[in-house]
Amino acid sequence: MKASEEEYRLNFFIKNDFKRKICKSCKTPFWTRDEKKEYCSDIPCTDYYFFDINIKSQPLTVKEAREKFLSFFEKRGHTRISPKPVLARWREDLYLTIASIVDFQPHVTSGLVPPPANPLVVSQPSIRLEDIDNVGITFGRHLTTFEMAAHHAFNYPDHYVYWKEETTAYATEFFTKELGIPEEELNFKESWWEGGGNAGPCLEVTVGGLELATLVFMQYKITDNGNYTPLKLKIVDTGYGVERIAWITQKTPSAFHAIYGNLVYKFFNKIGVAYIDETLLKVASRFAGKIDPDNPDTIKIHRQMVSKELGIDIKAVEEELDRAAKVFQILDHTKTIMLMLADGLVPSNSGEGYLGRLVIRRALKVLRLLKSDVRLYELVKEQIDFWKEDFPQVLKNKDYILDAVELEQQRFEKILEKVPSIASTLARKSEITTEDLIQVYDSNGIPPDLLEEELKKKSVKFELPRNFYALVAKRHQTSTIKSAYDKVKLPKDMLEYITALQPTEKLYYKDQYMRSFEGKVLGVYKNYLILDKTTFYPEGGGQLGDTGLIIDEKSSKRYEVIDTQKVNDVIVHILKEEPSTIKVGDNVRGEINWERRYRLMRHHTVTHVILAAAKKVLGEHVWQAGAEKTPEKGRLDITHHKTLTEEEVKLIENYANSVISDRRPVKPLEMNRMEAEMKYGVSIYEGGVPNSATIRLLEIKDWDIESCGGTHVSNTSEIGAVKIINVERIQDGVIRLEYVAGPALVDYIRETEAKIVEASKIIGSSPDQLTSRLRRILNEIEEKNNLIIQYRRIIETELLNNLKPYEINGNKIYIIEGLGDEEENKEILRKLTSTDNTIAISISDNRLQIATSKNMRVDKIVEELLKGGGKGGGKGTFANVILNSKKSKEEIIEIVRKSL
């Protein structure tokens, strides 16, 4: 959609002598007070000429630019709010915070909940990976991490705050009065914005080739068929570039110098790269507006312009700028890594962890291309020291950040050992596509740049996509949200049946200890029953649905409830049989299986206790990745970058039992969503993100608070005690803890005791002497194993000395019969085939093991053997074959002869 001219013809522009002009280059309309201006002052229509503009503001650091912006709007009636983490954990569809408006999506922007203040101002650290391949090349125009300073106003039908006129006036005042940019240099370029299903006209604020801000007026919803419908809630969504404000006031040769100051020189030094010639850098930066990274020709033209301007050989220019760009990339990436990990990201192969690992590996790849020996964590440590006052969480989580980065580098170095074999596999393809390279990266973590050198050795050429990492990131930056209907275990016809039914009153929230109740039947469909109220808890939040009885008050017939499910706010009781005596309007009595429910309540509550204990022991990066509570045990999946030690598991268990012994109150409370976020942070969403204006929280006094819709005990003492019974790494970056509490712990102890008694009987020992008896048995086994090894060596020596080969066409063929030990066979075959032109075959009934020397292959021998029927195979120099019938030594020799 393109907005009409009237959308942009503001009274503010008319009153302040702004003229609407059409850019001579891009043909886009823009507003300016300079009647002679012919260009929109945005790149690539102009070079970066802000270096030449007389700006009255003193040079501002990023910190000073941020504070100047926030203070300006605070003085003008805006409430300053704290930024959210760079991990968008209040969103189920997005992993990273890509803009300040994300702070308020989807619940504020949809009108579900009010904003935390109105109007408000925030400086939100953001991460976007769509431009990751362009970082450094454009001297700071593209970054993966940046601060979006923003003022927002939310205009409701009954509450107007401000709109286009005031927003444009604020921008003009800030840039001209606060920063001292000459009024004639300020331009407002007409544009259109779309994102997150919303749209609206916008104005891009440009000065001297630099876009400093975008003023979006969100006023349309984009429907599924692509139409635009007006929104009731009209939102002012602005974005000012804090780093660009610092750059334009400092006029440094690149944005990196303005952002990082002396850290730029420190990075060049630590990486071991000579600093770029200052004059070359200034000229290159001035012409950088001409670079369109998606068009490699523009990069070439830019370098030619620099070469011509300075009279320097083009190759020297390219080498200097390429080297500097790589250092700038590492500066940018290490800050992004720092912020991601500080906010709790754990590198992995999925979700947000995948994106974190992608940035880390790209930084490691660049260091490798620069042939630098510096460890990546050393550079991240420099970033922490530099930003610790701006972002206190980076210092708080410093140990975890550095440990995780070093571990990732070690893993990356191990992965690179696979490069030769992966390159060999790729070299066999007739054409290497971008999809092939992405597949190799996703499966093995190997960047294509590092495959390139290996493939060149094999004379294989391929085109490396310039935006490779952006392509990969795009595939992984969002998550699909399941609807309420996708999450339940109910048939489609049942889902359709309940759409017209009223919400069920949740008695289990009024009293979690209520065991029975009376309710009215609202719906009966097959073996599904819906009541007006219930104390049966439906499956959710990892807690199984309740079971129990429904009793027909007329006939006194009892129906067994085998499960309980929920769709939106309607609770469905699943019966073992169809309730033939019950119809709509009847009154029934419900009784939950209390012993089962109470076990679930204990396991659910202790899950919260253990999660907080894990954070205390392992660090704030720990995040719930999944959970399940059954009557028999609880399961909690947490994010963590390495396997837990026995000591860590013991500490988590000790903390949990200490909290149980402390008899801490456990209290559910309801709170406005925004109020809860502002008070407790987004960690309240560890168990999932509820879609409601008011959210239910569970507070364990002075220990944990989290959004949770489950059922819990009212005091930690009711849990009794907890024992962690299993710990395993279920996937990269995720650790699973399994535990038992209360009666389930007693069951576990009894089962363990029974196993000890049984084991004692088997080895002829009493339970209290089990350990010493086992030690004696193990010592005996070890002695016998050593004896077996000695006998094997004697047999092996005897066999090798006496075995005579068959000669076929200059090849030696050894046949071994009757050895039963597979590992012993392999070792003998390996020794027999240590010289060229040798084949060794071990025969045991109809089973064959075949080995060849390195200059031969087993393929053809296997193929010939299987002609007579059988199965098996192998590759290279070893194979296993099972024949349909046993063959003599002579028959085997003849088959081998044919294969040769």
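Cβ coordinates are placed from backbone N, Cα and C, and glycine is handled just like the others.
Listed in Swiss-Prot:
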- H604, H608, C708, H712: Zn(2+) binding site (BINDING)
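DSSP assigns C708 (Zn(2+) binding site) to coil in the three-state reduction, placing it in neither a helix nor a strand. Looking only at other Cβ atoms within 10 Å, the busiest spot among the binding-site residues H604, H608, H712 turns out to be H608. Taking the mean position of the Cβ atoms of H604, H608, C708, H712 as the Zn(2+) site, the remaining same-chain residues with a Cβ inside 8 Å of that point are G541, T605, T607, V666, L698, E706, G710, T711. When secondary structure is read from DSSP and collapsed to three states, H604 (Zn(2+) binding site) falls in the helix class.
A C-beta separation below 8 Å, combined with a sequence spacing of at least six in one chain, links C708 (Zn(2+) binding site) to G541, H604, H608, G687, R696, L697, L698.
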